[in-house]
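Visitor: Right, I'll just put the structure down here and ask away after.
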2 protein chains.
Amino acid sequence: MPKPIAGPEIERLIQLLARLPGLGPRSARRAALQLVKRREQLLRPLAEAMTVAAEEVRLCSNCGNIDTRDPCTICTDPNRDTAVVIVVEDVSDLWALERAKALNARYHVLGGVLSPLDGVGPDDLTVARLVERVAEGGIEELVIAVNATVEGQTTAHYIIDQLADLPVRITRLAHGVPVGGELDYLDEGTLLAAMRTRTRI
Amino acid sequence: MPKPIAGPEIERLIQLLARLPGLGPRSARRAALQLVKRREQLLRPLAEAMTVAAEEVRLCSNCGNIDTRDPCTICTDPNRDTAVVIVVEDVSDLWALERAKALNARYHVLGGVLSPLDGVGPDDLTVARLVERVAEGGIEELVIAVNATVEGQTTAHYIIDQLADLPVRITRLAHGVPVGGELDYLDEGTLLAAMRTRTRI
Ligand SMILES: [Zn+2]
Ligand SMILES: [Zn+2]
């Protein structure tokens, strides 16, 4: 923008909004406009919610989840199976599994995957804390729910190695055809896995 | 979400983000996660920018634009042609024309269009202030740049009626084929208008 058309305060708001995933420069302008038009219903509440989040959100020291309390809401939920822990790469995966109501258990958020090219080693992830949790006892099953990528699988193998001496059952999510998925869009590895683990109907 | 997976503070942040145009519930979750992960670089600056905007943004009492100053940045810009005023429905149209560098002039933002069905009458728009501005003198041309909709055209005619006794030239944007537009996707009215106002190459 060569010449300012709104004050620098609004331009700054637009620039920051444009850095949110899902909003490009154009939709950031629309969002900024909507915000200033709906000052009391949207702009002020959102500013306050963000300020609260900036002050109060932290990583759970037990599981790596993000919450305003430590230990987090999930780690302190008395209605979850404490014997099963689902290992995920990221909080977004935790949220996805919770949305799916996949399993009423606890989680361990790794905070990424091993990636030597990106300089991500074991110390950058929460693997040591995971081993500690298992060693403390009470965990019977660990569901490794990392992404089915090369880095994800490498990370899974590293975790399994670290847990070799501990008495815990390690499982992983099944491979197969996505619900509603069309066969001819799937890669051969998925089709092969789905065929091998076919179930009787 | 039947059971809370993050504190109510984060759920509230997600809910408010989901009300921004361009963000659905899923991308609001992604955005919230990105925000709390990038607390110092993104969450805190955005919270502050929103707080500033909520405190300081107002409507320009001259032209209806949104800015942190009144009169706004455009109304006080000494390098614009003050004899031409572009009449638009909404601030987003002003921004679009500015992005296109359409004309280095001033604006008048109506704040909507006449729409009896939605209960929007002349008093809900800034038409009276527009007539006042023209009556004050110094404006030679008014470019009516409202949308080419029924309501937009009704509003344009109402404005023209109100200005009937004032010595101002009233123009509108040309109809025609959008740059890069394909003829067989255009409606017949546009094609007819483009043909009638064809220019020599
Ligand atoms: Zn936790
Ligand atoms: Zn103004």
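A Cβ is built for glycine as well, from the same backbone N, Cα and C atoms used for every other residue.
So TrEMBL has the following annotated:
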ZN_FING   B:60-75  zinc finger
DOMAIN    B:83-178  domain 'Toprim'
Visitor: Do any residues of this chain, six or more beyond the ends of the zinc finger (B:60-75), have a C-beta under 8 angstroms from a C-beta of it, and if so which?
Guide: 52-53, 85, 91, 94, 106-111, 126, 129, 133
Visitor: So what's the mean pLDDT when you look at the domain 'Toprim' (B:83-178)?
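Guide: A mean pLDDT of 92 is what the predicted model shows over the domain 'Toprim' (B:83-178).
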Visitor: So how many of the residues in the domain 'Toprim' (B:83-178) end up helix, strand or coil by DSSP?
Guide: 37 helix, 21 strand, 38 coil
